Amino acid sequence: MLLWTLLPTALALAPVVDFRVPGMDKVLSLTGRHVQPLVEIHKVLEVQQSLEVQLSLKASIQFSETVLPLMTDKARSIYYLNLQIGDKSSKKEFPLLLDTGSGISWIMNESCTSSACSNGAKYSSSVKTSKSFSLSYSGSHVNGEMVNAAENNLEFVLGDLLKLTNYSFGLALTAPDFFENFNLSGILGVQARYDDREKSNMLHQLYYSGDIDAMQFAIVLDGAATNGTLGGLFIAGKDATKYSKELASSDIQYCDVLTNDQLFWMLNITEVHSNKNTVINGCRSAIIDTGTTGMALPMKDATAFHEAIFGSDYIGDSEGNFAFRCNATGNVSFVIDNHTFNLPVGNIKALAYELTVLQGYCASKVQGMDLDNWILGASFLSEFYTIFDLEHSRVGFAPRSESESESESDQKPESD
C-alpha cells in the first residue's frame, strides 16, 4: 500500500484478498461474446504447511538473526513480520505488514475500539508522544501520534537480535477498514530515503546501531497457494547479497531509484510488451510496493496491458477491474533501466469466477485506477529475488530459484 511520508495527511492503497467483483457477467453480456467452457477445470488443491517446511525453493535456508520468516495469509494477499515491542524486561508481539510503500511504521493503540482494530494485538503501555500523523487508505482514515523508542526506553525488535532503540513510529488511534480482514497490528514501513532528524527509516537505524552491516534487505516471496502461514523470507544486511547466490537463478540486475518527493522506491519503466505487442509508448514511473497485493496502473495503461496480452479475450468494467481466461499462458516483459524482467501471466491471475456465464474466467490482479504512476506489488515481486538497497538508492531483481512444487499426485485434497 502507498503512504506519503510524514505529511499531515497521507494516502494509501489497501491489500486485496479477492479481486473478483460483482457485475462482471453483465460486462461480458455487453460484449456479445459467449463463454466457451474449458475442456478441463482443475480445482486448486490446498496443502497444509507448517513453519518447519521450507519454501518451495531449491535452496534450503536456515533462519538466523538476519534471515527472518515472512508470514502471510491464506490468500497470499499480505506479507508481514512478527515484531516484539516493549522495554528490556517485557515485550509483546505485534504482526506488522511489511510495506515499502510506507514512510512510517505504526501500531494500533489500545484506545482504538473500532471493528478494524479487533483482530490484532494493540499497544497498551503509557508513552510520551510527539507530533500527530494522518493517513488515508482508499478513503479509510488512520490517525495517531508519533513515538520515539529511545525517549520511552522501548525496543522495537525484529527476530531475536535486530533491535531498533532510537526509532520513531506511530501509535494509531484508528485503523483502516481493510484490517477487518487480517490479523494485523499495524504497518512496518521502509522508505527509499532517510532523514537523521526523523529516525523513522528502519534500515538506516539498524545500520547505525550496528545490528546490520549494510543498509539493505531482500525479500523472496513464496507464491504457492497453501494453508500455511510461512510466506517467504526477509534477509537483512550483506546477507541479502550473499543469499542471492542460492535463492536467485541469475545475477541481480540493479535499477536506480528515481528522485521523488514521497521517498518511494520508484523505478523507470521504458517498455512493457507481450507477444510482440507493446503496452506503453514512453516511460512510466513504477513504485515497488510490498504492501500492495497486485498491480495498479492508470486506467488507460491497464486496458492496454490486458489488450496486449489477451487480445480481445478479456473483460473489463468501467471501474478498472478485469478478467481473462484462466488457461491463459505467456509472459509480460518489463524493461526497467535497460534490464528486462519477465513475468508469467499466472502471476496476475486471481480466483476463478463461479457464475456459469463466467465459467473459465479468472479475475486479474492488475487493476486500473486514477493514478499517475504504476504500482508493482506482490504479484510482480513473487517472481523475483528482490533487494532494496538504501545506501545506493536502487532496487535489484533476479528470477527466484525454480520452484520444487509438488505434483498433483503428491498433493492431498482438503477434506469436505
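Quick reminder: no glycine exception, Cβ is built from N, Cα and C everywhere.
Unlike curated entries, TrEMBL annotations are predicted automatically.
Owing to the predicted nature of the structure, the values given are computational and were not obtained by experimental measurement.
The record in TrEMBL pairs C117 in a disulfide bond with C112, which is drawn from C112, C255. A gap of 19 Å separates the Cα atoms of C117 (disulfide bond) and D99 (active site). A distance of 6 Å separates the Cα atom of D99 (active site) from that of D289 (active site). A separation of roughly 27 Å, to the nearest angstrom, links the Cα atoms of C112 (disulfide bond) and D289 (active site). Mapped onto three states, the DSSP output places D99 (active site) in strand. D99 (active site): 27 other CB atoms within 10 A of its CB, across all protein chains.
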